[in-house]
Amino acid sequence: MTEGTVHVIDDDLSVRCAVERLLRSHGRQVRTYPSAREFLGQQLDSDPACVVLDLQMPEMSGLDLQQVLTRAHESMSIVFISGHANIPDSVRAMKAGAVDFLTKPFDASQLLAAVDAALARSRQACVRLDTLGRDRAVFETLTLREREVCVRVAQGMLNKQIGGEFGTAEKTIKVQRGRVMQKLGAQSVTDIVRLVERLRACGHLPSL
């Protein structure tokens, strides 16, 4: 996994250039854009990334872009910069998940600290999403009955209890449970519990 790319979006060329020089001088990978729409027109990968985003821009504001990114690029973190900030806008941005909100002019150390925090959050999100993707893929290899058994095993039910609920022999449940363990690559019930909890926490576990 890469350290991450910093996308700088500001309609002021002088600000873009200054931020780019600062970040590059400290070893950060940087790409710049004069507008939110130009940024959205680029092919974005799933690597860690953060956006240093001006609040007020023509066509699409920073807050509007934040809404788009929250839906489409969950792992991408945002640092707002603004020369015309007000309390309601900054509160709205932070409540929506921004890592920081800096008022121009800001110190170089402030921006570097905010960018590093944003990239760290993005890397964590990428790991979480990658794990979730693997969890979903392996869970989908189970048959419907195996999924039902899996969820009940995670709830702490015994084979006999699961068999009683389904009207199935205990030995049949034992076989199905073994298949679940094998398909999931689970070494213990604890592994199953953790996988089911991760899927449930992200809303990706169907009602079974």
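Please read every residue number as a count from 1 along the shown chain.
Keep in mind that glycine also has a Cβ here, set from the backbone N, Cα and C atoms.
Unlike curated records, TrEMBL annotations are generated automatically.
Residues annotated as domain 'Response regulatory' in TrEMBL: 5-119.
Taken from TrEMBL, the feature 4-aspartylphosphate covers ASP54. Around ASP54 (4-aspartylphosphate), the same-chain residues six or more apart in sequence whose CB sits under 8 Å from its CB are ILE9, ASP10, ASP11, ASP12, VAL15, GLY62, PHE80, ILE81, SER82, listed in sequence order.
Mean per-residue pLDDT, taken over the domain 'HTH luxR-type' (135-200), amounts to 94. Residues or ranges marked as domain 'HTH luxR-type' in TrEMBL: 135-200.
In the three-state DSSP scheme, ASP54 (4-aspartylphosphate) is classed as strand. Across the domain 'Response regulatory' (5-119), DSSP assigns 50 helix, 26 strand, 39 coil.
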